[in-house]
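The structure under discussion appears below in the form of structure tokens.
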């Protein structure tokens, strides 16, 4: 029986591969079902012989308790976006300046959810969401319910791959029809449906919804030399790989490919929102390297957003956490990119003036980045004596006079006691990317503020069960959960706290870069502007904003109150040594190294505090030149940049 179970498992897995990966079914559905039922019967009788990669392990359901955080061994970066041919040409120019013979691989940008799959000796161990690129969620049990993801590879490799999970248009339509019949809320679009499915706690639901995948990258080290070779290897290993891609050195041919794909976009069985262009050589990719946010060797061309006409009925003005007052248009409802849109941003007062937008105008509405509804411009041919929009002079929340600084495009409320400003600041502090206080959303924050329980973020840590119980709709169990979430947030790493403070220009990635150097929030109270500006990826604007914030007496008081409440001030990641020999220097490696390989040299430079980049520019501080160094060495000499050799590096 053990032998027969093995035969059936291998046979069914091959049929599944033919169907899902090669798109060439090699057996009828009835024959497949017959073999499948035989395997199920045998496995029930001999459970000790069930194999890890059995197709029966991908059906049925398990109720999960939740999803654990998962730290990616290899960070998953986002891509730089491009919206025009000019931006693609600029990318091409940057790459060709370093590598004149570079070729590109253009691939479809699938509109789904980015996933990471890790295998050990050929067996699937972990499936995770991208998250913020460093930390995602472990969704392995749900990943196993996606039929075209192999549980066992065709070779016993230890490998981590990246791809996109998506829902086909056909599956999306069928699911929404079922939800409509059952009186359930329909999904807005296939991407939202896929996202909701991957976060299901009932794995049977995941199996039923028939997600699919396309894999496109080996994020762990690979023996392949070219990206097109990586795609071929992924297909050989049993993954689904998108068949549409083009290899070329010509941006003209890339543009023709983009236009061809855009024209047939609606004929595909799944949603795409653009084309990704990658340098095909993996060695060139390594030399080009990364910015803080994205690889320098790839760019994502986004298709133009869908546009619709709508009428502006009224405008709401709201105050954000930094005091910026943002206008939002209320519109006649329109269907846009799979959702009903009745509100759209007008950005700021300068934008309204530039476009001459008025109440009652018919306007063109689109989704910026296919996400945020925005007003593009006015359909002037349909204007009929609409009145010029009145720009508020007073804050809609506190009544203070609004200011319009010369160097800004927005109106701003500068009253630190403005109720909306305080509430938005509290909401931001509790948000997922900041302190991640589960349950403490806008509605609860508003109730706490109006009840007088919170006036700044430190007050959150003084809240009691009795405080919550006084709020409408809060029962004892909810109060206990909120207090537990608040207590749990105290142990967050300090970069989440720094981001949560809502300092202008200090985002989540910048917060991490700052704490990698300073290590502790308290150290920022005495940090110097010029020191902060030296940190790789930052600059004078960020440095000025940070020092101005922490120079305020109120900042020192707030930090002290948070510390007294038990909130962690320390960065839990690996700290950068600001006293290191090469701290803050931008270094380029070029030529052949004899004693160190390139990764070893890069690791040593980064350990010494340097930022390693792939191109020489005026911003380069140092070039490490090996033998046969070419154009980069010559450029460094012409710019008067310091040049050292491998022996010098080894002696540091």
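Placed from the backbone N, Cα and C atoms, the Cβ positions cover glycine too.
Sequence annotations record features per position, and here Swiss-Prot assigns NAD(+) binding site to 29, 30, 31, 32, 33, 78, 79, 107, 130, 164, 278, 302 based on sequence analysis. Counting every protein chain shown, the number of other Cβ atoms lying within 10 Å of the Cβ of residue 130 (NAD(+) binding site) is 20.
What Swiss-Prot lists as active site, N6-AMP-lysine intermediate is 109, and the listing cites sequence analysis. Long-range Cβ contacts of residue 109 (active site, N6-AMP-lysine intermediate) within its own chain (separation 6+, distance under 8 Å): 272, 273, 274, 275, 276, 300, 301, 302. In the three-state DSSP assignment, the secondary structure recorded for residue 109 (active site, N6-AMP-lysine intermediate) is strand.
According to DSSP, residue 418 (Zn(2+) binding site) sits in a coil region rather than a helix or strand. Taken from Swiss-Prot, the feature Zn(2+) binding site covers 395, 398, 413, 418, and the record attributes it to sequence analysis.
Taken from Swiss-Prot, the feature domain 'BRCT' covers 577-652, and the record attributes it to sequence analysis.
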### Query
Just going by other Cβ atoms within 10 Å, which of the binding-site residues 395, 418 has the emptiest spot?
418
### Message
So among 79, 130, 278, all listed as binding-site residues, which is physically nearest to residue 413 (Zn(2+) binding site)? Use the C-alpha atoms.
### Response
79
### Query
Which of these binding-site residues has the least crowded Cβ, counting other Cβ atoms within 10 Å: 79, 278, 398, 413?
398
### Message
Tell me the Cα distance separating residue 395 (Zn(2+) binding site) from residue 79 (NAD(+) binding site), rounded to the nearest angstrom.
### Response
38
## Note on the structure
What DSSP reports for the domain 'BRCT' (577-652) is 25 helix, 17 strand, 34 coil
### Message
Which one is it, among the binding-site residues 395, 398, 418, that lies nearest to residue 130 (NAD(+) binding site) by Cα separation?
### Response
418
### Task
Identify all same-chain residues not among 395, 398, 413, 418 whose C-beta atom falls within 8 angstroms of the centroid of the Zn(2+) site's C-beta atoms; report them in sequence order.
319, 323, 396, 397, 399, 400, 402, 415, 419, 420, 421
